Amino acid sequence: MSNIQNHQKVVLVGDGAVGSSYAFAMAEEGIAEEFVIVDVVKVRTVGDALDLEDATPFTAPKNIYSGEYSDCKDADLVVITAGAPQKPGETRLDLVNKNLNILSTILKPVVDSGFDGIFLVAANPVDILTYATWKFSGFPKEKVIGSGISLDTARLRVALGKKFNVSPESVDAYILGEHGDSEFAAYSSATIGTKPLLEIAKEEGVSTDELAEIEDSVRNKAYEIINKKGATFYGVGTALMRISKAILRDENAVLPVGAYMDGEYGLNDIYIGTPAVINGQGLNRVIEAPLSDDEKKKMTDSATTLKKVLTDGLNALAEKQDK
């Protein structure tokens, strides 16, 4: 954190497709005056910094450069996108062992630098890695946020906007739970222009089967994109920019994220997708969405799935480190 008033610094760890898309989105929006890129492939970070600085005359002044973990010491926000990418046919949970190991090598030098800002985690499986970031860093839960279901919620709003012929910005609907195969659409509390979505669907002859198909298409959209172009990055890069903006501008914005559960939804000691208030302190509070009985079960089942994978992954990492 600089001595200059209103000077904000962000460090990006992981300069792959998601990281570089996030960096570009931040440059486009003119958010943060100082932006540092860290990656094991140093030459790429130098190239991206040089490329991105050429955008600044068209957007806003910004110091963009290739850096090291030591640059985290005075950062306001550290964004972690580093990790092995999801391959065709591979679920996000399949990535857990590889990416827990990578994460463990990142967090120590970041924390050792003296960093005391906010962590925003986007590497997959994001709910698992967000929990691990909180656990390994020793940071307060409010200062560790996951991108969670931000992208899934955007996908749901896009699909519903198309179905009901409204702007996705006008759709107030959330995907909840794991960022992955056990996620679900919270249709019971969804609205368009304050009117319940289920009521609109009934009036317009949209069946529950059609809504289930939309939910399924959202759940599988990442796999569709990966099969066609190898990876997803523009959507999640923009979602990360939006969360970063809420933090750095102290917005108190209600956003879909991965948040620590402390009794909400009857869940404890887990990070999972939910609406939450995001501001300059990080995660201000969780907003517990009202759920139908069926949705409550889906939330519980999603948490059970995550907890099993989390426990197995952390145990495997501990065994590896003990050898």
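Glycine is no exception: its Cβ is also placed from the backbone N, Cα and C atoms.
When the candidates VAL10, VAL18, VAL166, VAL171 are compared with the NAD(+) site entry in Swiss-Prot, which names ASP39, ARG44, TYR69, GLY83, ALA84, THR105, ALA122, ALA123, ASN124, SER147, the shared residue is VAL18. The recorded positions VAL18, ARG44, THR105, TYR223 include none with a CA atom within 10 A of the CA of ASN124 (substrate binding site). Comparing the binding-site residues GLN86, THR105, ASN124, SER147 by how many other C-beta atoms lie within 10 angstroms of each C-beta, the top residue is SER147. Note: the CA-CA distance between ARG44 (NAD(+) binding site) and THR232 (substrate binding site) rounds to 19 Å. There are 31 other Cβ atoms within 10 Å of the Cβ belonging to VAL126 (substrate binding site).
Here the CA atom of VAL126 (substrate binding site) lies 10 Å from the CA atom of GLY83 (NAD(+) binding site). Close to ASP152 (substrate binding site), meaning Cα to Cα within 10 A, are the following recorded positions out of THR105, HIS179, TYR223: HIS179.
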